[in-house]
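Student: If you scroll down you'll find the structure; I have some questions about it.
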Amino acid sequence: MCQSPKARLLPAAPDQPTLDDEDSPEGSDGERQESTPMEILRLSEESHAWTQWQEVLAQCASTGEPYVDSSFPASPRSLYYSGGAETGAATRWLRPHQIHVETDHRLPWVVFRDPRPSDISQGVLGNCWLLSALAVLAERSSLVRGVVVRGEPSVGAYQLRLCKDGRWLTVTVDDLLPANKKGHLVYSQAKRKQLWVPLIEKAVAKLHGCYEALVSGRAIEGLCTLTGAPCESVSLQAGGAGGAGGGAPLEQLDRDLVWAQLLSSRQACFLMGASCGGGNMKVDEEEYQRLGLRPRHAYSVLDVVEVCTSGNNTASVSAGGSSSAGNIAASAPTRLLRLRNPWGHYTWRGAWAAGCARWTPAARDALRASKPAPHIDRDQGVFWISFDDVLKYFDCIDICKVRVGWHEVRLAGILPPMSSTRHLTCLLLTANQPTEVDFTLFQEGQRNSAKSQRSQLDLCVVVFRTKSGPSAQVGKLVAHSKRQVRGFVGCHKMLEKGFYLVVCLAFNHWHTGLELAARSSWPRHVLAAHSSKPLAVERPALHAHILADAIIGLTLARGQRHEGRQGMTAYYLTKGWAGLVVMVENRHTDKWIHVKCDCQESYNVVSTRGELKTIDSVPPLHRQVIIVLTQLEGSGGFSIAHRLTHRLAAGARLQDWAPHADGEPRHRPPLARRLCGLHQPRLIT
């Protein structure tokens, strides 16, 4: 059930000696951007992992000693950011046969023994996000088994396959595990003397530098790490996951749309996990406890159904779309979800719980054909709950789109802190037949130090129609993700036969000094495309203003229009944008439009212009991206305040609006060369 083994990764474009396009010709070099064989990085990584595995086995055979991983040693540096001997619970590292357990003494230690969600036990580490994802994955044991790709218990060596920041990696670990002075494991463990949980936890800790790096996170990150599949978070709260934060009107929740999404995901057999009382929800701990819910924990979603009961008419409409005999239209259906608390015994006590009076004979009959009776799974933490109560007590549902037989390609690249086509990542995609595609854009993670030097970037991936030719052109908007300050964003689309241009965007690191730093320090990303049919991909040659055309195309299609005056339209892009885009269109044939944009009262945002107040002269029959404001810190709120003042003019000079602008009479602040690719006016075509 894991992703197709035909995963491919395009490497980033070769290093360039210059930091921007100051001395480069217009646009990018198509020959330099030409794609290399897409299997190269995957094959190289897998070859290295296999060679390392053979070396491990040979070394152990030669010395007669079990494997010891020197790159992730049994020492405090593998436990804590500081690397010092902190006063934590872990005091020593033990092999499995040295670990003390309270039960199952006679069972031998094994990696897997029919893995189940209820096997997982959390230790002193606050990594519920990872263990919750593991519990969801364990609903299909084959997926869990697929994470551990090789193992030799006799020497205590294992290799695990994980996806970090969009890259597939094979991690080699030994089986030395942190324990306390009594010999008990201090971090996660699995019941019945299984090793799959602590081994996976150790591999993820090694990826991020230490065990402490695993503290705090979202279950969706764990699902993506364990499967490499496209993942998305469906908000259950107005203005919640994926909302625009404090900088835009609160988005209303479309309950029917959310329900339809859950039904279709269940029909597709996607993995789903529900986050209970998380995010920005106000949680009444006593109420949750009274109802048998554990806030800030993730529950596996096992089923999504609609049940109709009215007199003698009974029907059950499941995610599969089938229904039993009866008149479905006779009554409004009841929407139910079947959840599992992976920690067992603690279960829902509200409406539709086991023993609830709502379980009438008609309701039981409606589910009996294909669903277990409501009381059967009570001891396993499994229960039915209404969709209304899920909306009330849960923050979001994470969906992991694990599919069979799909194709996968991954493109490594850079998110430049300027409008540099030399470094901007675009993908020319050819669909030779209609195909369903999921695009996911990943940035580098933030877990590798106690306080990361770099804040998370805003991310957005945009897909346009284009034509085959020497240089990619922006055509009609086809799909786009929301722009979010998150570890990854994505979008899904059914593509018709044709050519498509995929553009990766990020802006909140502009004017931070990165543009002056070495290119090796610029933030990196991976763009993944999962498709139902094969796709041809390559790096296209880019003209100098591809970024401006992309933002203009997106704003024309999704922005709010304001007719400022005859012959002028201002477009504002705010919804799902983590900030603001202002774009002005001048349709006059012989007059300029002077535009003042004042955003100085905005909070926690940065500007692509370097300042929050701009003055520009937009030529006749041109459009200009005036400003792009971006949320700076994803963890905090932000606010947008903007005021647009404009006038018609016979000439380009700003005159009294910028009386000392002799060097640059059209733009304040002046458009540096590294900004022209985004903010230079573009001819209306």
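Yeah, the Cβs are placed from backbone N, Cα and C, and that goes for glycine too.
All annotation found in TrEMBL is predicted automatically rather than curated by experts.
According to TrEMBL, the region 'Disordered' annotation covers 1-36. Summarising the annotation, TrEMBL assigns compositional bias 'Acidic residues' to 18-28. The domain 'Calpain catalytic' annotation in TrEMBL covers 66-403. Here TrEMBL flags CYS128, HIS297, ASN341 as active site.
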Student: So, in DSSP terms, is ASN341 (active site) helix, strand, or coil?
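Tutor: For ASN341 (active site) - judged by DSSP and reduced to three states - the answer is coil.
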Student: Reported as an integer number of Å, what is the Cα distance between CYS128 (active site) and HIS297 (active site)?
Tutor: 7
Student: For the C-alpha pair, I'd like the distance in angstrom between HIS297 (active site) and ASN341 (active site), rounded off.
Tutor: 9
